[in-house]
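Novice: The active site, proton donor feature in TrEMBL is assigned to His41. As annotated by TrEMBL, ATP binding site applies to 34-41, 153-156, 190-193. Per TrEMBL, the feature beta-alanine binding site maps to Gln65. Per TrEMBL, the feature (R)-pantoate binding site maps to Gln65, Gln159.
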Amino acid sequence: MKAPLKTLVEISQLREELAACRAQGKKIALVPTMGNLHQGHLRLVEEAKRHADFIVASIFVNPLQFNPDEDYESYPRTLAEDQTKLASAGCDLLFTPSVEVVYPNGQENQTRVVVPGVSEGLCGQKRPGHFDGVATIVTKLFNFVQPDVACFGQKDYQQLSVIRKLVEDLSFAIKIIDVPTHRTPEGLALSSRNNYLTPEQLAKAPTLYATLKEAAKELAAGNTHFNELNHQARARLAEQGFAPEYVEIRNLDLSPASLTANTWVILIAARLGKTRLIDNLIVQRDSN
Ligand code: PAF
């Protein structure tokens, strides 16, 4: 039986603990999360262990990245289960501060980090201010923990792009490690929000990935009619009862897809009932 996971809620305690770690020459990794952990999060911890000696996970449901009509209040909070899972995955320390600790001057008054370009469009357009909230909390977590490396999932492709630019533009000496999306055997990308799906919706949800794969096949084979492929994918999703928000093919840096590129990313966001799902797939042009 694993020892209970050391869990801290104050920034000063965290800094003290990590200073002792650094004094021992340990490399520190951060795995930022909002909790309600699934296998995808635990993969982040596993990957972190390959790059560092001491793994800090954070659980903080960040109000700044939710719009007023979103699920901040109802977002599942499952601390005891999360602690057990993190301990079994080999995490060394959990930081789970309150909103007051993170935003002591109030949310309205909080200095925000805005990452231009990659934050715009896609989820940035559908969820105004979302990436400012993400960039702000990630910057704060980086300052609290000062990790050598930090791990994020590829499922949130645009978020990953925002964080990479943030690290570069603000000169953080932190290596960002991205970890492939963990899927169910049917192809559904793991997400805490999958818990909102009814059994019927859960059975339908893998269509998102099947749609990505279908478009990817065309693209890889040389069909670069991007708008047509987007349109077909949207139609397929709508047929299956999804309300598509966007289907877009972009270059890897999220600029508009170019005909001459050899690699692209297809990004999808769609609602299934009340639940918003996102997914993406990187596609390489076939070489023959
Ligand atoms: O991906 C998430 O869970 C969150 O957006 C993150 C990076 C922990 C910031 O709140």
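Glycine too: its Cβ is placed from the backbone N, Cα and C atoms.
Each of these features: where is it, how hidden is it, and who are its neighbours?
Specialist: His41 (active site, proton donor) falls within a helix when secondary structure is assigned with DSSP.
Neighbours of Met34 (ATP binding site), defined as other CB atoms within 10 A of its CB across all chains, total 18. In the three-state DSSP classification, Met34 (ATP binding site) falls within coil.
In sequence order, Gly129, His130, Phe131, Gly133, Val134, Ile137 make up the list of same-chain residues 6 or more apart from Gln65 (beta-alanine binding site) whose Cβ falls under 8 Å from its Cβ.
Sequence-distant neighbours of Gln159 ((R)-pantoate binding site): residues of the same chain at least 6 apart with a C-beta under 8 Å from its C-beta are Cys123, Phe131, Val134, Phe152.
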Novice: List, in residue order, those binding-site residues out of Met34, Asn36, His38, Gly40, Lys155, Leu190 with a Cβ under 6 Å from any atom belonging to ligand 1.
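Specialist: By the Cβ criterion, which requires under 6 Å to ligand 1, the hits are Met34.
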Novice: Please work out which residue of Gly40, Gly153 has the most C-beta neighbours within 10 angstroms of its C-beta, and give that one of the binding-site residues.
Specialist: Gly153
Novice: So how many other Cβ atoms are close to Asn36 (ATP binding site), meaning within 10 Å of its Cβ?
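Specialist: Summing over all protein chains shown, Asn36 (ATP binding site) has 19 other Cβ atoms within 10 Å.
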Novice: To which of the binding-site residues His38, Lys155 does the lowest count of other Cβ atoms within 10 Å belong?
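Specialist: Taking His38, Lys155 as the binding-site residues, the minimal 10 Å Cβ count falls on His38.
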Novice: What residues, ordered by sequence, lie under 8 A Cβ-to-Cβ from Ser192 (ATP binding site) and sit at least six positions away in the same chain?
Specialist: Met34, Gly35, Asn36, Leu37, His38, Tyr75, Pro76
